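S.K.: This is the structure I want to talk about, given as structure tokens.
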Amino acid sequence: MRITILRGGGLPGIVARTELDTAALPKTAAKAFASEVARANLGECPAPPTANPWPDAQLYELRVEESGPVINVRYTEQSLPESVRLLVAWVDGRPEKVESIET
Amino acid sequence: MEEATMKHNNGSILCSIAPPDLLGRLAVEGTPKQREAAVRALATSAAIRSQRAVMGRINRQLRLNIGQMIGFAVTPERRLTVYDNQHQGRTFLPGVQMRGWEEPPVKDEAVNQAYDGSNATYEFYRDIFDRNSLDGAGLELISSVHYGVAFDNAFWDGAQMVYGDGSGRIFQIGGLTRSLDVIAHELTHGITELTAGLIYSKQPGALNESFSDVFGSLVKQYSLGQSAADADWLIGGGILLPALGTALRSMLHPGTAYSGDRQPGHMDNYVDLPDDNDPRNDNGGVHINSGIPNRAFALAALALGGNAWDKAGRIWYQALTTRLRPNSQFKEAAQATVDLAGTLFSSSERDAVHGAWKEVGVLS
């Protein structure tokens with residue numbers, strides 16, 4: 001399984017990419033990764049459109065690829081569910097993640 | 001692999017089983033101490049939000065200063081409070097109160113920086129434009145620091161300022177609250193919301209961003225006693241990692257602040273992006289195309305000379321608070337500032353402002 005998190009907008013308007021692949025993780029972390037993704041309910045509860053965006057708030061896109069269909073969902077800071085915020089924080093906390101700035 | 005279609009909330013019951021927010025959960029399931037703290041935080045947050053939603057709507061619809069309205073108490077003294085989000089997130093805003101108005105500094109430097117920056121911004125609007133806080137009637141300035149974990153952003157959530165600590169990967173750790181122009185930028189979003197109400201999308205959104213940069217820069221220049229000619233015209237100077245660049249934006253030279261800066265300085269290079277919640281598209285390029293009105297302001301201020309807040313700042317402030325509407329486009333903003341330059345000053349100021357908008361390709 002592979003997750004790609006894009007964060008854009010925000011005060012700087014910079015687009016940051018964070019990627020994490022199961023293949024890079026130790027076995028126990030890989031299991032935890034799967035469970036964090038499942039708990040985030042990405043496919044089941046996607047973001048509602050935001051009518052009045054908060055100025056400078058970040059926009060998020062999460063893409064999860066595994067054996068089934070690709071899950072690709074977008075959130076705003078306003079619509080980001082707590083479960084997805086926790087998933088993003090979990091990925092951010094992994095030393096195996098790969099980060100880059102999109103230009 | 002099959003690409004799933006981008007989905008939006010269709011109100012399905014699945015969404016209702018998403019984990020409840022942390023405060024709500026603590027209010028119901030926490031220990032007695034947690035429940036008390038959660039209920040207090042929820043009440044604070046709800047009160048701030050409902051008060052500001054009502055005020056903003058009335059301000060925009062009636063074009064009234066709240067102080068003119070019977071039934072609303074005007075607060076002559078400033079009110080300013082800083083909270084600690086304790087590395088949680090949206091559901092714990094504003095967080096735990098750390099420092100209120102006229103309370104002494106605390107040990108947490110981010111709290112003191114948010115306090116001092118809000119205070120300096122309040123004083124700028126009061127001294128230069130005779131404006132008592134965001135709504136002109138002493139609205140409390142609320143900030144939350146330590147939002148999220150290593151969070152690389154600061155924003156205005158419609159009710160308050162919110163600051164992350166920075167991760168050290170984009171923003172320097174602690175950089176966001178250290179930057180007075182960033183604090184003034186966020187507070188100005190509040191003024192825009194309560195006055196012109198510029199929608200946060202495409203050209204009105206780029207104007208919204210630009211007014212925040214304009215007054216963010218002016219608050220910094222005022223605090224440093226700098227003339228337009230002496231100013232660096234940078235927004236967020238020194239808060240990005242040095243490897244990325246020197247600042248978030250250059251108002252005078254858009255597109256040169258950091259590696260990958262896509263800001264245009266002329267309408268010929270306007271970047272027409274959709275507003276589709278795609279992080280790559282920045283609400284229709286609001287932080288990208290703001291380079292055009294930003295450069296117009298810097299050019300006008302330099303042409304008018306002296307301190308930028310005396311003439312150019314006054315013209316832009318009047319445009320924001322009395323002329324523009326939620327859907328105003330670049331041309332309308334340009335014409336409003338040209339007309340105001342003539343009304344507030346004279347034909348030479350009018351020509352200088354017109355010349356600035358002409359140089360960036362908005363007026364001919």
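Including glycine, each Cβ sits where the backbone N, Cα and C put it.
Quick paste from TrEMBL:
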- B:E186: active site (ACT_SITE)
- B:H287: active site, proton donor (ACT_SITE)
- B:101-193: domain 'Peptidase M4' (DOMAIN)
- B:196-362: domain 'Peptidase M4 C-terminal' (DOMAIN)
S.K.: Using a Cβ cut-off under 8 Å and a sequence separation of 6 or more, which residues in the same chain sit near B:E186 (active site)?
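M.R.: Listed in sequence order: B:A154, B:F155, B:W156, B:M161, B:V162, B:S212.
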S.K.: Neighbour count, 10 Å Cβ-Cβ cut-off, for B:H287 (active site, proton donor): what number do you get?
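M.R.: Its Cβ has 26 other Cβ atoms within 10 Å.
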S.K.: Kindly report the helix/strand/coil residue split of the domain 'Peptidase M4' (B:101-193) according to DSSP, in that order.
M.R.: 39 helix, 15 strand, 39 coil
